[in-house]
């Protein structure tokens with residue numbers, strides 16, 4: 001048994017995880033990446049419920065479940081009783097009653113999971129696949145795994161997060177845990193898209209002020225679907241003011257890495273030809289998503305077996 005195996009009742013927010021739990025998930029993800037096997041003979045059942053569009057999170061959870069040998073119960077929102085007005089609570093209550101062990105959920109409502117994990121009747125474990133502009137723990141963990149593979153530590157690393165900060169659950173998840181891990185944080189992007197909560201975790205800067213100093217340069221997608229009004233910038237203006245141009249890429253330190261949670265608006269956040277540039281770890285992030293999600297699923301199922 002690996003010393004990095006652990007039992008977690010739910011994984012819903014980076015705020016709820018200790019540094020030790022986070023490090024074990026990262027290291028267990030690396031073990032899975034290196035070929036660790038964990039077949040489940042009792043065939044636990046997992047259901048993925050995505051109420052918002054997703055490619056990477058949804059499909060990497062599916063691949064993780066396949067690799068672990070789990071049984072997957074398909075849930076199609078479009079053909080479910082949600083279209084008859086059934087609440088999320090009653091949907092999960094039903095799946096729990098049917099014997100589903102784990103529900104992976106993405107939902108537009110921030111903190112949707114609080115009601116579910118507080119219920120004495122719902123016994124299924126909850127993994128948050130993203131709640132509105134709130135939290136995205138599995139994305140944060142795969143980002144951390146990618147950074148850890150590169151540098152072997154977090155203490156003292158300079159990390160810049162740039163883009164649509166206010167609407168990004170990735171930014172909020174990462175800023176909370178990276179500060180606890182000892183990284184120095186910087187936030188860049190349009191003033192219209194940043195709130196004072198970020199000031200508690202790092203410094204507001206322009207991208208040009210910081211790009212030649214950072215170890216990690218993380219860009220965020222412009223989330224048009226979460227904006228109340230039309231675009232503040234044209235694509236060209238945004239890219240020129242806040243995106244990764246060739247000139248900015250050339251200013252990165254030799255050892256710096258480029259990250260983005262994807263999907264990417266090419267030639268907006270990052271110039272098209274730089275998405276797969278030598279300093280980019282974007283593809284590695286996607287790959288790591290499978291293995292860290294295997295670690296998350298394992299930890300939640302271990303908790304169920306212990307109870």
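For all residues, glycine too, the Cβ spot is worked out from N, Cα and C.
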Given Swiss-Prot lists 56, 57, 136, 139, 262, 263 for carbamoyl phosphate, the same-site residue among 106, 180, 304: 106
Where residue 221 (L-aspartate binding site) falls in three-state DSSP terms: coil
Spatial neighbour of residue 136 (carbamoyl phosphate binding site) that is closest, considering only the binding-site residues 84, 169, 221 and their CA atoms: 169
Residues 84, 169, 221 binding L-aspartate per the record - widest CA separation, whole Å: 33
Sparsest-packed of the listed binding-site residues (106, 169, 221) - C-beta count within 10 angstroms: 221
Assigned element (helix, strand, coil) containing residue 56 (carbamoyl phosphate binding site), judged by DSSP: helix
Span of the carbamoyl phosphate site, taken as the largest CA to CA distance across 56, 57, 106, 136, 139, 262, 263 (Å, rounded to a whole number): 16
Residue 136 (carbamoyl phosphate binding site) in three-state DSSP notation: coil
